[in-house]
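Pulled from TrEMBL, these are the features on record:
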type	residues	note
ACT_SITE	ASP410	active site
BINDING	LYS237, SER341, ALA342, PHE343, LEU344, GLU415, ASP430	ATP binding site
BINDING	ASP430	Mn(2+) binding site
COMPBIAS	45-69	compositional bias 'Low complexity'
DOMAIN	305-522	domain 'FAM20 C-terminal'
REGION	36-88	region 'Disordered'
Amino acid sequence: MPGLRRDRLLTLLLLGALLSADLYFHLWPQVQRQLRSRERPPGCPCARRASSPAPAPAAAASDPHAAAHNFSRARPGAERDLSGRGGPGSKLQALFAHPLYNVPEEPPLLGPEDSLLASQEALRYYRRKVARWNRRHKIYKEQLNLTSLDVPLQLRLEASWVQFHLGINRHGLYPRSSPIVSKLLHDMRHFPTISADYSQDEKALLGACDCTQIVKPSGVHLKLVLRFSDFGKAMFKPMRQQRDEETPEDFFYFIDFQRHNAEIAAFHLDRILDFRRVPPTVGRLINVTKEILEVTKNEILQSVFFVSPASNVCFFAKCPYMCKTEYAVCGNPHLLEGSLSAFLPSLNLAPRLSVPNPWIRSYSLAGKEEWEVNPLYCDTVKQVYPYNSSNRLLNIIDMAIFDFLIGNMDRHHYEMFTKFGDDGFLIHLDNARGFGRHSHDEMSILSPLFQCCRIKKKTLLHLQLLAQADYRLSDMMRESLLEDQLTPILTEPHLLALDRRLHIILRTVEGCLEAHGEQSVIANGPAGQSAPDSGQASLTS
């Protein structure tokens with residue numbers, strides 16, 4: 001009998017200990033988060049940022065290394081004019097006022113068929129998405145036995161991300177002088193986050209990592225999907241490299257870091273070139289604790305957060321074969337610098353093609369593709385659909401010029417909206433491997449241009465304009481990047497490299513003109529047909 005009583009007592013003590021541990025480690029943290037969320041006004045966009053102020057200037061001055069460890073301090077003047085067009089006396093304003101940036105685009109937009117989305121269908125879809133998110137959020141709270149005072153989300157038709165999606169047409173991701181882009185950049189910079197999760201490709205890696213297919217550790221390639229209080233979404237890429245660091249010479253392009261500042265700079269360059277094929281991207285300081293950890297419902301993402309020996313909050317990408325803290329990104333102690341790229345419309349609304357780049361690289365340590373050894377490779381490409389009868393090849397050359405300017409060797413695929421057909425524009429996604437080496441110009445990126453010796457007249461005119469002293473490309477970029485909160489985005493050597501590479505492109509075109517003549521090299525208008533000369537720039541260097 002005494003033995004049975006002792007066993008029962010031990011069992012009760014064990015159960016009590018387990019219950020106490022569950023209460024302390026699981027339920028009590030959830031209650032704390034809920035209480036903290038009640039302290040913040042539900043409608044204040046800056047509440048989350050205000051609750052975690054940056055270190056005091058005096059503290060920063062006493063430890064300069066800590067201040068530069070992982071984010072740039074936003075200067076008081078960083079919140080400048082958000083129009084992307086500068087103020088009075090601005091060189092950028094003068095550029096966008098130039099006739100080349102105001103000529104009607106071809107072909108003209110004729111009606112709803114030239115817009116990517118049917119507005120009523122899109123709004124019905126987004127309302128269903130918001131309603132489903134509200135239901136799932138309510139169920140999640142109930143499962144944790146938490147009462148929520150959060151007001152259910154409502155779809156606002158005037159939300160910048162909605163208007164951005166509705167404004168996409170066959171000419172680009174946004175119209176020239178679009179005020180919506182400026183508002184979207186502002187909202188992504190300031191609105192609080194309501195959820196965080198891994199991106200779809202990161203999720204695909206979880207539990208299904210194949211080392212024969214993945215050539216880099218997933219921890220080096222880390223990005224998250226953040227949703228904001230207006231229900232908009234953005235891709236977050238954290239800071240991995242200091243501004244003044246160059247990619248080592250011995251690094252292969254497929255193991256290079258993904259740089260958040262390259263994503264930001266690529267958007268500004270794309271806008272200056274008048275391509276408008278890079279989704280709007282902005283820099284932001286994210287509080288990784290409050291704006292990621294405390295709003296994510298993904299238990300795997302929650303599990304990869306830890307506090308470093310320096311008392312900084314860190315997290316990393318989790319994959320069965322790569323689960324190492326040395327690949328983590330860390331706040332300082334909570335604030336982490338990163339880029340936010342606006343999401344494009346759902347594939348359910350706007351299907352996209354993902355097409356292998358004809359000039360794809362081998363992505364191996366020793367192999368070479370045909371274009372790398374065959375100088376006549378373009379002749380083969382021009383005989384294959386769709387490069388034989390549409391604007392697709394000219395768009396590939398536009399993309400190569402853009403990638404050469406930023407130094408991006410990682411363009412293995414390109415995407416385009418199926419609605420706009422073979423002549424639709426190419427979307428310049430994933431530019432984070434650009435701006436790695438300002439001291440080196442990778443000529444192989446320009447292979448489509450010097451092998452095919454073709455270029456759009458519109459593209460050439462813009463490049464020639466940006467080579468002029470009054471509109472120098474580096475000056476335009478320097479001014480445009482001042483709009484971002486994380487300025488400086490690029491170091492001066494990277495800005496000067498843009499001018500150097502621009503002149504290399506123009507010399508390449510000049511060589512093509514001398515070898516083949518203007519009529520064979522310069523494509524006038526859609527599908528290479530003739531278009532009226534704007535008379536604003538010479539076609540020769």
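Quick reminder: no glycine exception, Cβ is built from N, Cα and C everywhere.
What TrEMBL annotates, mapped onto the structure for a quick look.
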{"residue": "LYS237", "record": "ATP binding site", "Cβ contacts under 8 Å, 6 or more apart": "LEU222, LYS223, GLN258, HIS260, GLU263, GLY338, SER339, SER341, ALA432"}
{"residue": "ALA342", "record": "ATP binding site", "Cβ contacts under 8 Å, 6 or more apart": "TRP161, PHE164, LEU184, MET188, GLY232, LYS233, ALA234, PRO279, PRO280, THR281"}
{"residue": "PHE343", "record": "ATP binding site", "Cβ contacts under 8 Å, 6 or more apart": "TRP161, VAL225, GLY232, LYS233, ALA234, MET235, PRO279"}
{"residue": "LEU344", "record": "ATP binding site", "Cβ contacts under 8 Å, 6 or more apart": "HIS165, ILE168, LEU173, PRO279, ALA350, ARG352, ILE427"}
{"residue": "GLU415", "record": "ATP binding site", "Cβ contacts under 8 Å, 6 or more apart": "ARG352, LEU353, SER354, VAL355, LEU426, ILE427, LEU429"}
{"residue": "ASP430", "record": "ATP binding site", "Cβ contacts under 8 Å, 6 or more apart": "ASP410"}
For SER341 (ATP binding site), the number of other Cβ atoms found within 10 Å of its own Cβ: 26
For the residue listed as 'active site', the number of other Cβ atoms found within 10 Å of its own Cβ: 18
Recorded ATP site residues LYS237, SER341, ALA342, PHE343, LEU344, GLU415, ASP430, farthest C-alpha pair in Å: 20
